[in-house]
Amino acid sequence: MGIKGLTKLLADNAPKAMKEQKFESYFGRRIAVDASMSIYQFLIVVGRTGMETLTNEAGEVTSHLQGMFNRTIRLLEAGIKPVYVFDGKPPDLKKQELAKRYSKREDATKELTEAVEEGDKDAIEKFSKRTVKVTKQHNEECKRLLRLMGVPVVEAPCEAEAECAALCINDMVYAVASEDMDSLTFGAPRFLRHLMDPSSKKIPVMEFEVAKVLEELELTMDQFIDLCILSGCDYCDSIKGIGGQTALKLIRQHGSIESILENINKDRYQIPEDWPYQEARRLFKEPNVTLDIPELKWNAPDEEGLVEFLVKENGFNQDRVTKAIEKIKFAKNKSSQGRLESFFKPVVSTSVPLKRKDTSEKPTKAVANKKTKGAGGKKK
């Protein structure tokens with residue numbers, strides 16, 4: 001979920017902290033990517049029509065591999081150096097949110113069964129997406145694919161978003177790419193949305209700068225964290241009746257959640273029982289992260305390994321995989337120049353004014369009605 005309604009809140013109250021950028025603006029930049037969020041998007045969009053998805057001969061879904069392969073190649077071709085960060089063990093405080101998600105998937109599964117019995121195609125499309133879950137197997141297969149492509153993988157001890165933010169704070173990467181807005185709450189200096197968008201539409205990258213967010217909102221980082229907790233985060237319930245705008249007003253007026261609780265009208269607003277907002281705050285301020293990771297290197301692709309994994313094991317088209325490998329090799333040679341050219345010629349800003357229509361909080365829900373080009377395997 002990330003932070004409920006934060007994109008709209010920033011668009012309304014801190015528009016200068018947001019700017020649209022072209023994909024190519026990040027040539028030579030190291031970008032930490034929230035892998036699980038990307039895999040989830042690929043499973044929903046790539047090669048999916050109703051309940052049909054891309055599979056290999058064993059009937060195992062390959063949409064995540066197809067999406068990860070194609071999108072990573074596009075990043076490399078643009079001169080971007082992706083670092084994929086995978087989730088570790090979730091914090092205990094997130095168990096309640098994970099239980100809610102499980103319950104919603106169970107409900108969606110029941111609704112899907114009814115839709116299939118009734119032959120309701122729109123409902124099938126709707127509820128089949130809600131049953132999607134990123135599994136350990138999906139993660140492990142994507143790690144294997146990325147390593148074969150020569151792309152670095154980081155395994156976070158806990159939350160991937162927190163690890164991405166830590167890498168960015170410590171100048172190990174330029175920015176963080178995800179769809180979850182809590183990357184900002186973890187303090188990522190630069191945060192990118194839509195970089196990993198898997199739809200066929202060319203959606204501009206939305207870049208946020210946390211320093212400008214704080215400046216525009218006139219808040220400290222501690223106050224911004226409290227604002228996010230009040231708005232609604234993954235770690236605890238929020239106070240019913242308090243949305244983003246009200247939360248911002250209260251934080252500006254009182255300065256902290258503690259002060260708000262002392263002054264709030266408790267007849268109007270019901271405080272959750274044993275509300276663990278302090279622990280949620282601690283998880284944002286002191287997340288379980290590590291900087292003790294192998295040196296980030298972008299190596300030549302393992303050509304034989306990629307053919308073995310994608311073609312022989314997962315039914316991808318060999319000619320397309322071979323051509324894709326050539327793209328990876330060409331992109332590596334191109335990006336090896338880094339951003340050297342930018343030191344010798346002026347760079348024109350590619351940012352464009354913010355368009356409110358692109359401030360949706362949800363991941364892209366576009367449906368791939370046409371067969372994905374270069375798709376591996378078949379549909380089931």
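Every residue, even glycine, has its Cβ placed from backbone N, Cα and C.
Feature annotations, reproduced from Swiss-Prot:
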{"type": "REGION", "residues": "1-105", "note": "region 'N-domain'"}
{"type": "BINDING", "residues": "Asp34, Asp87, Glu159, Glu161", "note": "Mg(2+) 1 binding site"}
{"type": "BINDING", "residues": "Arg71, Glu159, Gly232, Asp234", "note": "DNA binding site"}
{"type": "REGION", "residues": "123-254", "note": "region 'I-domain'"}
{"type": "BINDING", "residues": "Asp180, Asp182, Asp234", "note": "Mg(2+) 2 binding site"}
{"type": "REGION", "residues": "336-344", "note": "region 'Interaction with PCNA'"}
{"type": "REGION", "residues": "351-380", "note": "region 'Disordered'"}
{"type": "COMPBIAS", "residues": "355-364", "note": "compositional bias 'Basic and acidic residues'"}
{"type": "COMPBIAS", "residues": "368-380", "note": "compositional bias 'Basic residues'"}
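Swiss-Prot feature annotations superimposed on the structure.
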residue: Asp34; record: Mg(2+) 1 binding site; DSSP (3 states): strand
residue: Arg71; record: DNA binding site; DSSP (3 states): helix
residue: Asp87; record: Mg(2+) 1 binding site; DSSP (3 states): coil
residue: Glu159; record: Mg(2+) 1 binding site; DSSP (3 states): coil
residue: Asp180; record: Mg(2+) 2 binding site; DSSP (3 states): coil
residue: Gly232; record: DNA binding site; DSSP (3 states): coil
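In terms of Cα distance, the binding-site residues that sit within 10 Å of Glu161 (Mg(2+) 1 binding site) are Asp180, Asp182, chosen from Arg71, Asp180, Asp182, Gly232, Asp234. Restricting the binding-site residues Asp180, Gly232, Asp234 to those with a CA within 10 Å of the CA of Asp34 (Mg(2+) 1 binding site) leaves Asp180, listed by sequence position. Cβ packing within 10 Å was compared across the binding-site residues Asp34, Asp87, Glu161, Asp182, and the lowest neighbour count falls to Asp87. Note: the region 'I-domain' (123-254) comprises 66 helix, 15 strand, 51 coil (DSSP; helix = H, G, I, strand = E, B). Annotated pair Asp234 (DNA binding site) and Glu159 (Mg(2+) 1 binding site), C-alpha to C-alpha distance, rounded: 11 Å. The most crowded of the binding-site residues listed here (Glu159, Asp180, Asp234) is Glu159, judged by how many other CB atoms sit within 10 Å of its own CB.
Neighbours of Arg71 (DNA binding site), defined as other CB atoms within 10 A of its CB across all chains, total 20.
Taking all protein chains in view, 20 other C-beta atoms sit within 10 angstroms of the C-beta of Gly232 (DNA binding site). For the Mg(2+) 1 site, the Cβ centre of Asp34, Asp87, Glu159, Glu161 serves as reference, and the other residues of the chain with Cβ at most 8 Å from it are Ser36, Met37, Val85, Ala156, Ala160, Ala162, Glu163, Cys164, Ser178, Asp180. Separation of the C-alpha atoms of Asp87 (Mg(2+) 1 binding site) and Asp180 (Mg(2+) 2 binding site): 13 Å, rounded to the nearest whole number. A distance of 10 Å separates the Cα atom of Asp182 (Mg(2+) 2 binding site) from that of Gly232 (DNA binding site). Reported as a whole number, the C-alpha separation between Glu159 (Mg(2+) 1 binding site) and Asp180 (Mg(2+) 2 binding site) equals 12 Å.
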